[in-house]
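*Asks:* Sending over a structure as structure tokens; questions will come in a sec.
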Amino acid sequence: MLFPESIFELLILSSLFLMSIAAIALIVMLLRDIKTKNLW
Amino acid sequence: MKALSTCLLVLFLTLGLKAIDPEPPQFENPPENFTESGYIKLSWEWIPGAESANGHEFELQQAPDAQFSSSTAIYQGQDFATFLSGLKNGDYYYRVRVKEGGPWSAWSEPTLVRVQHHSLSLAFTLFGLGALVFLLTVGIVVQGNRKVTQNP
Amino acid sequence: MEHQSEILSPTTGWILLILLAILWIYLGIYWGKKAKNLDGFMLAGRNVGLAFGTATAMATWITSNTTMLAPQFALQLGIWGMIAYSTAAFGLFLFAPLAKRIKQLMPKGYTSGDFIRLRYGNTAWYIFLAISIFYGFTWLISMGMAGGILMNALAGIPYEIGMTMILLVCVLYTLFGGLYAVIGTDYIQSLIVMIGIVVVGAAVLYSIDLEQVYSDLQTEKPMLIDALLPASLIAIFNNLLFGIGEVFHSNVWWSRAFAMRKGVGQKAYTLAGLFWLPVPIAAGFIALTSGSLGVNITSPDMVGPLMAGHILGQVGAVIVFIVFFCSLASSIDSLLAATSDLIVEDIYKKMINPKAKEQRIRRISMFVIIGLGVFAWLVCLPRIGTLATVLFFAGPMVASTIYPIAMGLYWKTASPKGALWAMVLGSLSGLIAYFNLGWYTASLIGAAVSIVVTTLFAKINKEEFQWKLLDESQSGPNG
């Protein structure tokens, strides 16, 4: 029983997409912490 | 005088041998290999001859039988090893040869890779045990967290 | 000898290495100025916010193991292998509520060793310290070696020099900046690693057709896309439980729980888990394209860097070099800091010199960081490849600590004897499984035995633990 090709592609594309979102979120979080002086 | 002629003879012989085919490479793996996970590394050794300055090239063949009646070349290049993975259950025979600009060497002694994956029942048993332990762990943390949030 | 040529010139390698070294050491000194007292040096003032908290948890979990081993898993165990690696994110997800609980029960705690000592007493504490220090140390060594091997493979920098450089840089900035430097650099490193992986991944997708990759796999390595590859099915939960064991017990994660501001820990660990989840797949799938691109792999742990270099050329090689350096440094610094905390707090302060003043403890902690670095360097020097596999012995050991930790934090009846026997029997049975059934069963068996033992002892135990005993600031030292 093989993984369907669509699952294979979906896994890869969604992981790359999620990582770009995560990188953006991390930057947004930093800016927010700087603005509210909550960095550390 | 005799010593000199012996030297010349040796020199002639070695040169003569060099002019013929290069020595075939030899697998570093044992003649028979066994894997339960479908992956294995094949590596081989080979001592370059006088013409190795021109570069060398290996060819690795795979076949379902020791006679290599229906073989496929799975690697051509300079590396001394290759990593195989994703093999199905079965017997796979491999042999390798080399050339240094000139003709191909003879084939190496073949090596056998026998792939016999773990049984699915063992896999599912361990998968099930793992799933159970994991779910219990989640349960312990989630339930514990809920309890202390309600009455710390 | 297995010829596999480097993908970057040594000169470029050296320039990158020196630039990165200067950057991290400068930042270490800069942030180190914030560390005015011991809590500052060891725990970054116990007031770390959400952005830094999330990034540091994630960066530490992205190690050379993620960037090297995830592609290796993909190449050996296929699609399930990548997913199996991703499940290590559950270590972070499940630790999130624990982080909140830890901060609440031990507002002035320093290490995971503190918890075990106060919760279970000395005997369990000794065993726990042995497991934890063994694990921390093997992890440190495996990464020191990985650093040397990578720089050698990527840029032809000799193994000894590359290994020495990465250890030296990390020791220096951790020494100057303490946990402030570790967390600050972790933020930058995690961003670099994420952007680097996305860029490489996108470039791979641009240069190759996934349909083609899939059909090539189908003919050349069919089991890799098989949903019923037995070895991978077994590996999934084993890897997951190994990950949970690593995160639950290791002081690397506890020290961050202590360092984060109240109310931040749970959110930060949950987000870190989410952000980390796709990394092994995004970094790992590249390995599956090797067949389609006709790249020969001689050593599975080099498949990731090799493919990136092959597809992206010099630019790719530079990115890969920086990504690897960052992923290594972000874990080595954390390990140096957290392991030295464990040794200073649990061994020096609690066993050798309980009356030591703050100034002295900070001095000792700097010596310990240097000592750890030197010791790791000495062990890494001979480049015994098999040594890195010692890290896998730690699997069953750390998995056996999951339940003494988790139940100890939530169940009043979890008992000292239970914790002790869970760790001893779990580790032993896991190691037996390692040698008799295969490495991919060891953590699973260790965890299974541990959960049964801890639960049984908790059920027959009548004594209820008083949570307030965990807060030493209330009960006084050694109380």
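Glycine too: its Cβ is placed from the backbone N, Cα and C atoms.
Annotations in TrEMBL come from automatic prediction, not curation.
Quick paste of what TrEMBL says about this protein:
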TRANSMEM  C:12-31  transmembrane segment
TRANSMEM  C:43-62  transmembrane segment
TRANSMEM  C:74-99  transmembrane segment
TRANSMEM  C:120-141  transmembrane segment
TRANSMEM  C:161-183  transmembrane segment
TRANSMEM  C:190-208  transmembrane segment
TRANSMEM  C:228-248  transmembrane segment
TRANSMEM  C:269-291  transmembrane segment
TRANSMEM  C:311-344  transmembrane segment
TRANSMEM  C:390-411  transmembrane segment
TRANSMEM  C:418-435  transmembrane segment
TRANSMEM  C:441-458  transmembrane segment
*Asks:* Does the transmembrane segment (C:120-141) reach the transmembrane segment (C:418-435), going by 3 or more CB pairs under 8 Å (6 or more apart in sequence)?
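*Replies:* Counting Cβ pairs under 8 Å (6 or more apart in sequence), the transmembrane segment (C:120-141) reaches the transmembrane segment (C:418-435), since there are 3 or more.
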*Asks:* Grab the same-chain neighbours of the transmembrane segment (C:418-435) for me: Cβ-Cβ under 8 Å, and only residues 6 or more beyond its ends, written as numbers and ranges.
*Replies:* 116, 119-120, 123-124, 127-128, 131, 392-393, 395-397, 399-401, 403-404, 407-408, 441-447, 449-451, 453-458, 461
*Asks:* Considering only Cβ pairs under 8 Å, which range in C:161-183, C:269-291, C:311-344, C:390-411 makes the most contacts with the transmembrane segment (C:228-248)?
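*Replies:* Looking only at C:161-183, C:269-291, C:311-344, C:390-411, the most contacts with the transmembrane segment (C:228-248) come from C:390-411.
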*Asks:* Which range wins on Cβ pairs under 8 Å with the transmembrane segment (C:161-183): C:43-62, C:269-291, C:311-344?
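*Replies:* Out of the listed stretches, C:311-344 contacts the transmembrane segment (C:161-183) most.
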*Asks:* Output the single range from C:43-62, C:74-99, C:311-344, C:390-411, C:441-458 maximising the number of Cβ pairs under 8 Å to the transmembrane segment (C:190-208).
*Replies:* C:311-344
*Asks:* So which of C:43-62, C:269-291, C:390-411 is most in touch with the transmembrane segment (C:74-99), counting Cβ pairs under 8 Å?
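*Replies:* If we count Cβ pairs closer than 8 Å to the transmembrane segment (C:74-99), C:269-291 scores highest.
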*Asks:* Given a Cβ distance threshold of under 8 angstroms, which distant residues of the chain, six or more beyond its ends, lie next to the transmembrane segment (C:269-291)?
*Replies:* 50, 53-55, 57-58, 61-62, 66-67, 70-75, 78, 81-83, 85-86, 88-93, 95-96, 99, 194, 197-198, 200-201, 204, 208, 213, 216-217, 220-221, 224, 297, 303-304, 306-308, 311
*Asks:* If we skip the immediate neighbours and take only residues 6+ beyond the ends of the transmembrane segment (C:43-62), which ones have a Cβ under 8 Å from one of its Cβ atoms?
*Replies:* 34-35, 88-89, 91-92, 110, 178-180, 182-184, 186-187, 189-191, 193, 247, 252-253, 255-256, 258-261, 264-265, 267-269, 271-272, 275-276, 279, 327, 330-331, 334
